[in-house]
């Protein structure tokens, strides 16, 4: 017969801290055991009791030992405390977490998207090492031949010594020192000693001048054009265009005026901004303890969903200023259906990869997904990620449009936030067409945020972006540098522009020897400098647009990890790139504009650290140097002038000239290696086409919104923005002033040319004498007569006698 069920059996009992013993007693009372198994149960209970007694003795001994130790030191996590709870560690009394120093941003997010394959890039270091090995091999052969010749000479000399008499033995001391009255000895000794004294004195004076120049504030040399340009600049500052000011007032949202008697809101900490705990944990992970001025101003406004136009100096934390509010808003998104809601556009691939690394670190304690869509990485990998509808897409404009037109799983109808980093560059001619294509496709009702260190104040450019009464947040004065930056200028006198590479090599070999970025205007100059640095024994790597994405990532990582001391780059690396520990920036020549100069020198002196920027400037760079010095003086930044001895620069220039043939041979060998690699790639491409012909032909053709001609025109405009008009000014009718300049230039190149004087114009002088010499005895001029000269010459007949 089944046991009788209790009425309370249907209830599910809960456990509490004080009900453990009572509940076990109740269960034992309500569930009686079968009487047939009582004997067996008793035996088992006896055995268990003996085991329990032994265990209890051991436990009592262990408890006695544990009482002597610190309580809880060896306990595992029992889940009693919330895992998200954090203790606020005090660091120097400021409330910041005392964390380990953050190591910097990596390129791990981009590596998974690199195109796989066995494509091997041409390595300059390998070519230089190969040539050195060949030289060593040939040198060893030459040394062996010299040793054989020397041995033969020694044998002949020993035979002669044996035949010579003993009186002919010479002392070594007489061989080392010649007599004072010998040939050439003592001649001009006074002059030489005087010259040595003068040189020593001049060296001491030069050293004093260098010390004084390094510590003195540079004053630009007076120039006839400076006065007029300064006057025009002052007029522009004073007479602001009232129409532009009215446009600006109507376009931007009015500034919030503080209420009288109310305390101003100070967002001195991230906790005071009411950010979520996962975001605060992400900020602590990367070592952000206190918000920068641009962050404390931008984050509260961006959290309200308003459009923002932000500007601050380089290295002030603008990336985190727009990523933190984006992540905070995404924490409260609907999560049932995955949707792409944010697009962040960058002008360069490296900047987008870095922004992806920053966003991933800050969102490491959330479930927000990111996708990196930049050129040079695998399209298939990016399409697979976009198919999962990531929350944030970080991209360059070209690849974003490519996916927008050719990836069927990617839609932009759900975008709610658009961010343009380095917005002034994005609004320039090179990116204008691509940006217009994106803005006309994405939804109009969105939040738009623009950030840059040199933010444009032109309302016409900002209207194109579709901003809706944006809030203007400019922390620092426009076109200013970091306060911890020291700017140096090296002036090249007229006629010494060709020695520029000598000055650069002297700086890199003797003054700035590690953690240096050198900027060039053109890719070919950066590549040639890379070869010269390799031949000079300086560890360098290059970064420019002619390199593949894999090469570019490897170059930046080699410089970041300390494998290379110098990064030779074009303006590709001038914007946004944050590499930890960059001490110095050198401008091989001044850039096209002051804005580009600010971005270049902003690669150092970031986040409160000190740094130096050195510019090698010639006469054509006067305009940019003058603007930089004027802005720095207005700001109160330190500007110094560095003087390098001409002899030092000349010696390095001579070394470069000696390398000219070897540089050309290396370039030729590199070109041959590239042609071979290209041929191998074409062979593999043809083989793949033969193996997968049906699949390749079945793929839909990729489309673009511009023709090839329009793409080339846009590319040309972008180059002109960076380097100016390549072909010079457009040809037109020359003024008399320009003609005079050209004539003077031609005379300087040709040397002094004889001109007519007053006597020659009056028919006298040298010309009259020359005319008299040309006449013959009969008074007729020499040469053919008039009628004879008019006759045509025979072509086929017999010769006249």
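The backbone N, Cα and C atoms fix where each Cβ goes, glycine too.
Pulled from Swiss-Prot, these are the features on record:
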- 312, 313, 314, 315, 316, 317, 318, 319: ATP binding site (BINDING)
- 1-10: compositional bias 'Basic and acidic residues' (COMPBIAS)
- 18-32: compositional bias 'Acidic residues' (COMPBIAS)
- 156-179: compositional bias 'Acidic residues' (COMPBIAS)
- 193-214: compositional bias 'Acidic residues' (COMPBIAS)
- 227-243: compositional bias 'Acidic residues' (COMPBIAS)
- 735-770: compositional bias 'Basic and acidic residues' (COMPBIAS)
- 785-801: compositional bias 'Basic residues' (COMPBIAS)
- 299-473: domain 'Helicase ATP-binding' (DOMAIN)
- 503-682: domain 'Helicase C-terminal' (DOMAIN)
- 1-79: region 'Disordered' (REGION)
- 97-120: region 'Disordered' (REGION)
- 132-244: region 'Disordered' (REGION)
- 726-801: region 'Disordered' (REGION)
- 421-424: motif 'DEAD box' (MOTIF)
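For residue 319 (ATP binding site), the number of other Cβ atoms no farther than 10 Å from its own Cβ, over all displayed protein chains, is 24. Non-local neighbourhood of residue 315 (ATP binding site): 482, 578, 602, 605, 606, 607, each in the same chain, at least six residues away, with C-beta under 8 Å from its C-beta. Apart from 312, 313, 314, 315, 316, 317, 318, 319, the residues listed for ATP, the same chain places the Cβ atoms of 292, 294, 321, 453, 606 within 8 Å of the centroid of those Cβ atoms.
Counted with DSSP, the motif 'DEAD box' (421-424) comes out as 2 helix, 1 strand, 1 coil. Remark: residue 314 (ATP binding site) has 453, 481, 482, 598, 599, 601, 602, 603, 606 as non-local neighbours, by Cβ distance under 8 Å and separation of at least 6 in sequence. Counting only same-chain residues at least 6 apart in sequence, those with a Cβ under 8 Å from the Cβ of residue 316 (ATP binding site) are 292, 293, 294, 453, 475, 476, 482, 607. Mean per-residue pLDDT, taken over the domain 'Helicase C-terminal' (503-682), amounts to 93. Under DSSP, residue 317 (ATP binding site) is assigned to coil, being neither helix nor strand in the three-state scheme.
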